[in-house]
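Handing you this structure, nothing more for now.
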Amino acid sequence: MAMIPSISKLLFVAICLFVHMSVSFGDFSIVGYSQDDLTSTERLIQLFNSWMLNHNKFYENVDEKLYRFEIFKDNLNYIDETNKKNNSYWLGLNEFADLSNDEFNEKYVGSLIDATIEQSYDEEFINEDTVNLPENVDWRKKGAVTPVRHQGSCGSCWAFSAVATVEGINKIRTGKLVELSEQELVDCERRSHGCKGGYPPYALEYVAKNGIHLRSKYPYKAKQGTCRAKQVGGPIVKTSGVGRVQPNNEGNLLNAIAKQPVSVVVESKGRPFQLYKGGIFEGPCGTKVDHAVTAVGYGKSGGKGYILIKNSWGTAWGEKGYIRIKRAPGNSPGVCGLYKSSYYPTKN
């Protein structure tokens with residue numbers, strides 16, 4: 001895609017008015033645009049307006065809209081150039097397409113306390129044989145995964161990751177899938193810092209000690225408040241303890257995932273991760289982990305192995321809120337640091 005020059009505010013407003021009547025909730029392709037959309041400024045503005053409608057985006061004034069359009073256009077150029085390469089994944093115009101990578105990182109990334117902290121938990125999955133593992137695991141198909149949620153601009157990924165694992169093990173042990181409260185962890189888990197970051201095993205320790213309420217009783221607010229756990233009525237879900245997967249090994253993590261959903265961490269700050277739309281993601285990314293997610297399965301597609309990850313950025317990101325990250329065989333930190341820090345709840 002050839003870069004289209006920036007336009008003046010007056011021209012931008014004029015074109016916006018011209019195309020306004022024709023904009024509707026279009027049926028976007030899987031990546032959110034077609035090559036025809038790249039042929040003129042008018043088509044780009046129409047695409048931008050359609051994208052705004054699809055993602056319920058509103059801007060305070062024309063200056064802000066023009067600023068976001070320029071970022072959108074730059075991201076679209078990056079998406080198109082990336083998708084022309086022979087990758088196993090593709091990018092698209094998701095919810096974050098009007099954010100620069102710096103803005104995206106400030107709002108959604110870096111919400112982990114140092115994930116290299118070593119904890120003295122049970123290490124049940126150490127150097128176990130992978131020969132007898134099932135070829136594919138998907139805990140969604142077994143009814144152990146609740147719908148994808150959105151953490152908003154609160155740095156609470158650690159709470160979402162932990163809660164998803166507790167929901168999973170509770171379903172496996174009791175046969176009941178219930179949605180649990182991330183907000184309780186944001187408000188009440190004292191070693192973490194609410195919307196300013198946390199650490200999944202601390203959250204899992206909290207649940208083992210105190211239990212956790214239903215999401216309907218303690219709903220998510222995307223901001224830290226006063227702990228209300230003692231005032232909230234209704235049932236709670238409790239676990240028995242916390243387990244740790246020995247890090248930096250594919251087999252250990254696969255063994256753990258085969259038994260239950262697992263909290264994992266990744267480096268998510270890169271532009272490809274921000275704009276990921278589908279396929280098996282293989283980078284580029286580093287291993288300085290900054291975001292907690294949940295491994296809910298694994299498998300192979302087109303001969304490539306992957307770990308199935310549930311994220312907390314809503315269903316408009318990735319594969320309806322999920323990402324498949326390429327497996328790295330043997331001993332390594334894994335793609336995007338996926339094997340570096342993995343924990344799970346235990347429940348008798």
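Any Cβ shown, glycine's included, is placed from N, Cα and C.
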Pick from Cys154, Cys157, Cys227: which cysteine does Swiss-Prot list as forming a disulfide with Cys188?
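Of the listed candidates, Swiss-Prot names Cys227 as the partner.
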Could you tell me which of Cys195, Cys285 is bonded to Cys336 by a disulfide, according to Swiss-Prot?
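Recorded disulfide partner of Cys336 in Swiss-Prot: Cys285.
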Have a look at Swiss-Prot and say which candidate in Cys157, Cys195 forms the disulphide with Cys154.
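Disulfide mapping in Swiss-Prot sends Cys154 to Cys195.
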Mind giving me a neighbour count for Asn311 (active site)? Other Cβ atoms within 10 Å of its Cβ, every protein chain shown.
28
How far is it from Cys188 (disulfide bond) to Cys195 (disulfide bond), counting Cα to Cα, in Å?
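Computed Cα spacing between Cys188 (disulfide bond) and Cys195 (disulfide bond) is 12 Å.
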Could you check which of the recorded positions Asn86, Cys157, Cys227, Cys285, Asn311 is the closest Cα neighbour of Cys195 (disulfide bond)?
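Sorting the recorded positions by distance from Cys195 (disulfide bond), the top entry is Cys157.
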Of the recorded positions Asn86, Cys154, His291, Asn311, which sits closest to Cys285 (disulfide bond) by Cα distance?
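Smallest Cα separation from Cys285 (disulfide bond) among Asn86, Cys154, His291, Asn311: His291.
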